[in-house]
Amino acid sequence: MKYVLILCVITLATVAYAQPQCVGCPSEVKGDKLKQSEETLNKSLSKLAAGDGPTYKLVKINSATTQVVSGSKDVINADLKDENDKTKTCDITIWSQPWLENGIEVTFNCPGEPKVVKKHSA
């Protein structure tokens, strides 16, 4: 009986402290899944550099979240190197709706610079 009581207390404590994932809420990207965020960002950087810019190269991703919206929305904080080899830490949002023409919208928000919003095809 004592063991059953202990098991019940442990179960209740586990359930009370569990944090269920909210459907549609942003989720932090970690570990191996960070590679996918890196690929998504590099693909957008390449497409934009081939067009009218901006021209950045990824140095490293500091943090990332992903969210299912009307498509997917990746919010990435990363160190980017510009065409003058200057490294800056920027917040980048990639909203992907690949079924639309030019359905990838990329927003760069870098300190001390105006926000840049560009679109490209999938």
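Backbone N, Cα and C define each Cβ position, glycine as well.
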Candidate set Gln21, Gln67, annotation pyrrolidone carboxylic acid, source Swiss-Prot, matching residue: Gln21
Secondary structure content of the motif 'Secondary area of contact' (67-71), with strand meaning DSSP E or B: 0 helix, 4 strand, 1 coil
